[in-house]
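Annotated in Swiss-Prot:
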- Ser27, Gly28, Gly29, Ala30, Asp31, Ser32: ATP binding site (BINDING)
Amino acid sequence: MIQQRVIRYIEKEHLFLPDDKLLVALSGGADSVALLRVLHTAGYQCEAAHCNFHLRGEESNRDERFVRQLCQKYGIRLHITDFNTTQYATEKRISIEMAARELRYNWFEKIKEECGAHVIAVAHHQDDSVETMLFNLIRGTGITGLLGIRPRNGAIVRPLLCINREEIIRYLQQIGQDFVTDSTNLEDEYTRNKIRLNLLPLMQEINPSVKNSLIETSNHLNDVATIYNKVIDEAKTRIITPEGIRIDALLDEPAPEAFLFETLHPLGFNSAQIKDIANSLHGQPGKQFVSKEWRVIKDRNLLLLETIRPEDESTLPYQLIKEEREFTPDFRIPREKETACFDADKLNEEIHCRKWQAGDTFIPFGMTGKKKISDYLTDRKFSISQKERQWVLCCGERIAWLIGERTDNRFRIDETTKRVIIYKIV
């Protein structure tokens, strides 16, 4: 019986405890209705949550009416919300499918906290898992993407992964439970529906049991992934430092590109980018690779990883405090790099700060000849990202201080100094 199989699966996968409160995602379709009926009949404490995305006109409102009647019939508390999905997708510049997913799961999490539910139960089943495997395979994926849908992801649990779509329909027929049909599921409109309606039937002509074969493969790969992920995690301790990914240690691994994929793919880098990053490991420093939120920079010995933040090029990322005082025989020049001392009379033009630029030069303190700032930073073994964040304090057109590093010898304190100006980073 379906109900007993689902209960055994819940216990086997440790999805939740008998006394836990469940928030069931209820669209009104066959899968979610079956999930609610199975859990409610089994005695679990359920509340339901329904989203009206207003994407299918009257159909969307029909679905809402149906779930209201269903929950009222069985005395199940129902939470309902409305979304302007099209507007959200336009504002976020994402697909309608992605917009609906983000809106749905963000709201589910909010309702879960408000009602005190322990988990959010969603109605993915074996056929969904097969379609996910194929979808990821077509798009390009690593071993994790070939595992299909997993029983648990944080607070999201999937009790129906032990049964398929055909069994769900048969269960609903046996208990005399109706449901609503989403017309888009019958149209060749979205990628997943192309897999469901076109690709899988072709595969079944070759192997009528292809769905079962893929589920068995997924279960086998799950065991393989456990070993694989353990090896990747161990490698991370050798390769990743607070500064970045050590290129020499990475190249000592048997499969550097696989390691890069598992590290960078979750950060939004696609397979082609990761291959380019792997090819850059033996090249010159300076190459940059960008995902939506992250940047990888090929430096001399490291791959630098940093989040992309919009920067105000005209505003210092720290504060400078200025102090002016008489120069006396007992004055001691501070040694900290965060502090710079100048002869006040030599700072005789407008003082301003900016990012250093290509071609900038200064005379480092204690020297007599000019040096390019780019060469100075290279000699100091600054990484590319550190160079990009370096600011200078200028007196007119001349650089007086490579901030936090070294002052210019032309503004030094000497025996003729009467007043000193001190700048300090805070």
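Using N, Cα and C of the backbone, Cβ positions are placed for all residues, glycine too.
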For Gly28, Gly29, listed as binding-site residues, tell me which one has the smallest number of other Cβ atoms within 10 Å. Gly29
Local Cβ density at Ser27 (ATP binding site) - other Cβ atoms counted within 10 Å: 22
So, three-state DSSP: helix, strand or coil for Gly28 (ATP binding site)? coil
Can you tell me how many other Cβ atoms are located within 10 Å of the Cβ belonging to Asp31 (ATP binding site)? 22
Other than its own, how many Cβ atoms are within 10 Å of the Cβ belonging to Ala30 (ATP binding site)? 22
Same chain, 6+ residues apart, C-beta under 8 Å of the C-beta of Ser32 (ATP binding site), given in sequence order: Val24, Ala25, Leu26, Val122, Ala123
